[in-house]
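A.B. asks: Input: one structure, supplied below.
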Amino acid sequence: MKLSPLSFSTSSSFSHADGIDDGVELISSPFAGGAMLPVFLNDLSRNSGESGSGSSWERELVEVTLELDVGDDSILVCGMSEAASVDSRARSVDLVTARLSRNLSNASTRIRQKLGKLLRSESWKTTTSSTAGERDRDLERQTAVTLGILTARDKRKEDAKLQRSTSSAQRALKGLQFINKTTRGNSCVCDWDCDCDQMWKKVEKRFESLSKNGLLARDDFGECVGMVDSKDFAVSVFDALARRRRQKLEKITKDELHDFWLQISDQSFDARLQIFFDMADSNEDGKITREEIKELLMLSASANKLAKLKEQAEEYASLIMEELDPENFGYIELWQLETLLLQRDAYMNYSRPLSTTSGGVSTPRRNLIRPRHVVQKCRKKLQCLILDNWQRSWVLLVWVMLMAILFVWKFLEYREKAAFKVMGYCLTTAKGAAETLKLNMALVLLPVCRNTLTWLRSTRARACVPFDDNINFHKIIACAIAIGILVHAGTHLACDFPRIINSSPEQFVLIASAFNGTKPTFKDLMTGAEGITGISMVILTTIAFTLASTHFRRNRVRLPAPLDRLTGFNAFWYTHHLLVVVYIMLIVHGTFLFFADKWYQKTTWMYISVPLVLYVAERSLRACRSKHYSVKILKVSMLPGEVLSLIMSKPPGFKYKSGQYIFLQCPTISRFEWHPFSITSAPGDDQLSVHIRTLGDWTEELRRVLTVGKDLSTCVIGRSKFSAYCNIDMINRPKLLVDGPYGAPAQDYRSYDVLLLIGLGIGATPFISILKDLLNNSRDEQTDNEFSRSDFSWNSCTSSYTTATPTSTHGGKKKAVKAHFYWVTREPGSVEWFRGVMEEISDMDCRGQIELHNYLTSVYDEGDARSTLIKMVQALNHAKHGVDILSGTRVRTHFARPNWKEVFSSIARKHPNSTVGVFYCGIQTVAKELKKQAQDMSQKTTTRFEFHKEHF
């Protein structure tokens, strides 16, 4: 085998007369270098006789360059040169030699023997043509290089020992945990000792179920200790622990498992570090090479489902070696890995996320409010509660008062009628409930008149009416309708009808005119117009309300076939159209009222006529407008994360605001289904774009129709700028109809000094348009070189509003909009389709107007050993190249879920005395947490957070 070239030279001082003693060992280099071995030898004494007694011998040094082949016992002399030496220089070289001494391998011993024989031969007595000055300079240079390398490495090692402290070790513990909340479960909240005992009991229980004949297989170790989704990583931990026992195990007993468990759950940093080191050090030589780091990186990437990182493991292994092994030894030791982990915070600070340094001034104490008394706390809490809910409160109060007034009015009216003497309070209760039903059947249509609401959003009514809660109000009214039906129908069937049937002749005379003088039977009452329409309405509304519930509409209810068709959006959509029949029956039912003969007493049509006409007009407008807004599909792209990107032609006269949404219909799939999607293009763009996550049956069918037989791997938004989409193909696609745009909470983003935009997965789409609009306006401002200070007009759809905001509620100043965007996704591939947005911000956001924060939840949190190495590679690569290893942009991707309390606290510190608009699109569970944090921070700081959730 060939010896690699050495990166330095050594010299040996001895008398030529004595030759080379076989006992003298050649120094093997710890450095990784080439097959060139510079050896410094003492040559012949020039004039031994010239020296007087007691004088020093002037020695001559010879530098010999050899190439050795240990395999075939051959040696090649590549070069030879003389170098002058003095005693002081020789002593320096001897000092270097002493520091470099170490045990030789078999190969180095054979080299020494070869050199000994060779140097004794007469051929080595040849003198060279080099001058004494050149030899002297060469020696100085080689000695300086050697000393520099050794000094630098030793200094780094000494510095690492000096900087190691308890506090740094404690911080490092958070970055190297084999057992944490992901393995022990979130329910464990007690102290560690108690927690560890509880966890071991769970491990014991899993051992009993997984073991066979009292032995646990190596492949089941991960599941047993809680690393369910990281089988390969757990096996590597298993092998590392087994190597400590000098064993190669395939199965372990319960006692051995307990020993392994104690090691991986040890709270000592040194213990965890040693396990992590042993995982990489597969050959147990106390050194980690580039290949071993690569293998550990691939294990970590596999455990975190990062296929792209797995492909680039070799590149990132070289990056780690470059950082930890600057001397190019070819390996790293335990102390170097320890240094990397202990300096985790320094690496993280060295690699900052994009635009985080700009923005408001951090005032950690000045914006905090610390009420001293309970009264002050309650007053502040009440104040925030009123500010957050006063719009909802007055609307609900007016609604409840209207229902109460109508109920009491009818109750008192029928108490004065003769029928009250027959049926008593059952009649008054039923009629009072009926009156509230008329009101609610009218009001329930208004929140779904989207065109009307969109227009009202542009008026001053938006200041006092919570249009964002239209769907919630629709649901509340529906619940009131259900209660009204129950009271009205229940009292009639259980109380009124039996009293009529069982009334005495004297009592029946009082109400005989309502029944044409004939006492009805129960069958007569049920088969009359009132009974048939009433029962039919109860049945139809029950079906519609049930299938519109969250569990049925979102497919959370699992039913056997063919009943499974009763769940999902389609079932909700079609059964809701049964309410058309209900309204027709309601008019008929209200016409054939008992005990009401005059036309003005039959008021049902008066309640519902205006809302019904308005709703019918809106549906008619949708039908007409959709034909006018028929669009051409310009580009279809299937993006990572099952996201379908559609770029369509912009219909003539189609105007919208950032944050609004549209309804899409594909007649090829269904002529009746309309589905809402947020607009992701900016108002100033020439195209109209949406991004659709293929989850339901309609979106799956849309993807099939648009992508069948076509290669759609191009990531449009990731490879083209917002203002000009590249290579748009005019392809013969199915027809799409567009209805809208419709108002959404996000369109009011200009009302705030600061924005906090939070999107989960595909929930980022409502905010893409806002970010584009902010950047487009910023670009226009730079071009025009002017700063708009006029009040923002709500009637403008293509706003000239740039970075100015309306007058701040705190102090009257107009402040530049600062946007903090948090995107949380669990699909590593989803980052690809959002890359264009991040790259555009990198290019255009020179003012630091927008902060981007990406969170990838498929990666274990920063405290998990499975993500520790990935986190370090990410920080090193970002610090060196300025690019994130996951997103491919300057925006660094965070791991696991955000700590929302810290997010809100940070924004409150940066923006004291400001109003922050919090806009969220995602699942309801996170919405509750965000709303709570917004309320808490509004009470504790001078920053006010106003929370808004997207509803479709």
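The backbone N, Cα and C atoms fix where each Cβ goes, glycine too.
For reference, Swiss-Prot lists these features for the protein:
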type: BINDING; residues: Asp281, Asn283, Asp285, Lys287, Glu292; note: Ca(2+) binding site
type: DOMAIN; residues: 268-303; note: domain 'EF-hand 1'
type: DOMAIN; residues: 312-347; note: domain 'EF-hand 2'
type: DOMAIN; residues: 431-587; note: domain 'Ferric oxidoreductase'
type: DOMAIN; residues: 626-748; note: domain 'FAD-binding FR-type'
type: REGION; residues: 211-219; note: region 'EF-hand-like 1'
type: REGION; residues: 245-256; note: region 'EF-hand-like 2'
type: TOPO_DOM; residues: 1-392; note: topological domain 'Cytoplasmic'
type: TOPO_DOM; residues: 497-531; note: topological domain 'Cytoplasmic'
type: TOPO_DOM; residues: 596-603; note: topological domain 'Cytoplasmic'
type: TOPO_DOM; residues: 772-952; note: topological domain 'Cytoplasmic'
type: TRANSMEM; residues: 393-413; note: transmembrane segment
type: TRANSMEM; residues: 476-496; note: transmembrane segment
type: TRANSMEM; residues: 532-552; note: transmembrane segment
type: TRANSMEM; residues: 575-595; note: transmembrane segment
type: TRANSMEM; residues: 604-621; note: transmembrane segment
type: TRANSMEM; residues: 751-771; note: transmembrane segment
A.B. asks: Around Asp281 (Ca(2+) binding site), how many other CB atoms lie within 10 A of its CB?
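C.D. replies: Other Cβ atoms within 10 Å of Asp281 (Ca(2+) binding site): 22.
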A.B. asks: For the transmembrane segment (532-552), name the stretch out of 393-413, 476-496, 575-595, 751-771 with the most CB-CB pairs under 8 Å.
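C.D. replies: Selected stretch: 575-595, with the most Cβ pairs under 8 Å.
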A.B. asks: Where does Glu292 (Ca(2+) binding site) sit in DSSP terms: helix, strand, or coil?
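C.D. replies: Going by the DSSP assignment, Glu292 (Ca(2+) binding site) falls within a helical segment, counted as helix.
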A.B. asks: On the DSSP side of things, how many residues of the topological domain 'Cytoplasmic' (596-603) fall into helix, strand and coil, could you say?
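C.D. replies: Tallied per class, the topological domain 'Cytoplasmic' (596-603) gives 3 helix, 0 strand, 5 coil.
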A.B. asks: Restricting to the same chain and to sequence separations of six or more, state which residues have a Cβ under 8 Å from that of Asp285 (Ca(2+) binding site).
C.D. replies: none
A.B. asks: What mean pLDDT score does the domain 'Ferric oxidoreductase' (431-587) have in the model?
C.D. replies: 89
A.B. asks: Please give the sequence-distant neighbours of the topological domain 'Cytoplasmic' (497-531): residues at least 6 beyond its ends with Cβ less than 8 Å from one of its Cβ atoms.
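C.D. replies: Result: 418-419, 421-424, 426, 588-589, 592-595.
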A.B. asks: Determine which residues of the same chain, besides Asp281, Asn283, Asp285, Lys287, Glu292, have their CB within 8 A of the center of the CB atoms at the recorded Ca(2+) site, and list them by sequence.
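C.D. replies: Along the chain, the qualifying residues are Ala280, Ser282, Glu284, Gly286, Ile288, Thr289, Tyr331.
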A.B. asks: Tally of helix, strand and coil residues over the region 'EF-hand-like 1' (211-219) according to DSSP?
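C.D. replies: Going by DSSP assignments, the region 'EF-hand-like 1' (211-219) contains 2 helix, 4 strand, 3 coil.
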A.B. asks: Let me spell it out: take the topological domain 'Cytoplasmic' (596-603), skip the flanking residues so only those 6+ beyond its ends count, and list any with a Cβ under 8 Å from a Cβ in it.
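C.D. replies: Sequence-remote neighbours of the topological domain 'Cytoplasmic' (596-603) are 438, 590.
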A.B. asks: Sort out the sequence-distant neighbours of Glu292 (Ca(2+) binding site) for me: same chain, 6+ apart, CB within less than 8 Å of its CB, listed by position.
C.D. replies: Ala280, Asp281, Ser282, Asn283
